[in-house]
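Residues or ranges marked as active site, proton acceptor in Swiss-Prot (evidence: sequence analysis): Tyr154. Residues annotated as NAD(+) binding site in Swiss-Prot, with similarity to another entry given as evidence: Arg19, Ile21, Asp40, Lys41, Asp62, Val63, Asn89, Tyr154, Lys158, Ile187, Thr189, Leu191.
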Amino acid sequence: MAMGTRYAGKVVIVTGGGRGIGAGIVRAFVESGAQVVICDKDEARGRAVERELPGTVFLLCDVTREEDVRTLVSETIRRFGRLDCIVNNAGYHPPPQWPEETSAQGFRQLLELNLLGTYTLTKLALPHLRKSRGNVINISSLVGAIGQSQAVPYVATKGAVTAMTKALALDESQYGVRVNCISPGNIWTPLWEELAASTPDPTATIREGTLAQPLGRMGQPAEVAAAAVFLASEATFCTGTELLVTGGAELGYGRKAGQAAPAEAPTTPS
């Protein structure tokens, strides 16, 4: 693997780094010269990435457990003596469900992972990031801004991640710490494939996901990863930003009502 210098000598923690977007982010930072700590609660996946990529260290960690996260940060500092960037990528998108099918317990569990896991690592990492004038990168989602059918809990958690990013950026600017987020659209990952498989017609679901972008394809984890390295390195005048990596899925003006919705003709005001 060719090693770059864009982020040489820096130390990065990536949560959910065992597969999908997270693994892509780990790879991109390694290629940029950084030392990367892979955080994942799935040991087999994390170890596989560690074996593949020299310059990485895997630490077993469930971001919903604060003691795990404390150990993650302290062990990173013990091994490397510094911390320059955290990428809060760990998260989950449940299968489609209507609001009446959701439970308060399921909603809380998703909040613990998608939102509070991000908050906990950020809080515990900030003393070290302030020393290095480092940065925080949160992985949010396009649907946190534009909504998504049958995904109320997920949309709520990701909208909160984006809002938290902006608030943290204000608080941490006095220490020179930059806080930004990336909001991906449809990125082809194992999780996307699993979600499609849970629908009545996976092939049709994948086709719809592909055609949602004007570019006519889904994104790749490497494209989100490139955005993360950019925010950590060259984007030195960016904080509180939401960087969309969506293939333009949010663009345009089109049909929203379903087939069964009555098509009412507009009336002219009297």
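Using the three backbone atoms N, Cα and C, a Cβ is placed for every residue, glycine included.
Just so you know, the Cβ of Lys158 (NAD(+) binding site) picks up 27 other Cβ atoms within 10 Å once every protein chain is counted. Taking every pair among Arg19, Ile21, Asp40, Lys41, Asp62, Val63, Asn89, Tyr154, Lys158, Ile187, Thr189, Leu191, the residues recorded as binding NAD(+), the greatest CA to CA distance is 23 Å. Across the binding-site residues listed here (Asp40, Asp62), the residue whose Cβ sits among the most other Cβ atoms within 10 Å is Asp40. Ranking the binding-site residues Arg19, Asn89, Thr189 by the distance of their Cα atoms from the Cα of Tyr154 (active site, proton acceptor) places Asn89 first.
Around Thr189 (NAD(+) binding site), taking its Cβ as the centre, 22 other Cβ atoms fall within 10 Å, counting all chains. In the three-state DSSP scheme, Thr189 (NAD(+) binding site) falls into the coil class.
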